[in-house]
Amino acid sequence: MYVVLEGVDGVGKSTQVGLLKDRFKNALFTKEPGGTKMGESLRHIALNENISELARAFLFLSDRAEHTESVIKPALKEKRLIISDRSLISGMAYSEFSSLELNLLATQSVLPAKIILLVIDKEGLKQRLSLKSLDKIENQGTEKLLTIQQKLKTHAHALQEKFGCEVLELDAQKSVGDLHRQIAAFIECVV
């Protein structure tokens, strides 16, 4: 089963992934972008080079295609639990050029069975961002991240409606333990 954790920077995805690693020891944990050796190179270029937004979108789509082919599909064939920090949902939300059609091509229509979406309000996001050193995306401000969050929600629910992906939307400001229990129960519902 393919499960993805989604949410804007600062909502606690990495914390939850760490807890899930302790709970689901036999699961394959991966990430997008950069879940393969080639993906790390593409991610580095996309985030650090002065390139057009369109070129950046295609680098991320290339990463997604390689990740699907070399990581996701083999693990699904082995019937493994796959837990990914981000997915095509982030790809569509963060890019102005990344459409569902292009992402379905890149993923060969391999979609997550379950989507966990961590959401946060403006004040909570401001507080979380004030506690960390900010990257290029986080430096664009809370309004930009809240716009991306709305796109994440829209894309996740569109995948639910069109393809039957299950979506669990959680308030990221709940306690780490409460969130972990809800996420683990959602995953275990089928495992």
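Cβ from N, Cα, C; glycine included.
Per Swiss-Prot, ATP binding site is recorded for GLY7, VAL8, ASP9, GLY10, VAL11, GLY12, LYS13, SER14, and the stated evidence type is sequence analysis. Around GLY12 (ATP binding site), the same-chain residues at least 6 positions away in sequence with a Cβ under 8 Å from its Cβ are LEU118, ARG128, ALA172, VAL176, LEU179.
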Look up GLY10 (ATP binding site) in the DSSP assignment and reduce it to helix, strand or coil.
coil
Report the residues of the chain - excluding GLY7, VAL8, ASP9, GLY10, VAL11, GLY12, LYS13, SER14 - with C-beta within 8 Å of the mean position of the site's C-beta atoms, for the recorded ATP site, in sequence order.
LEU118, ILE120, ARG128, ALA172
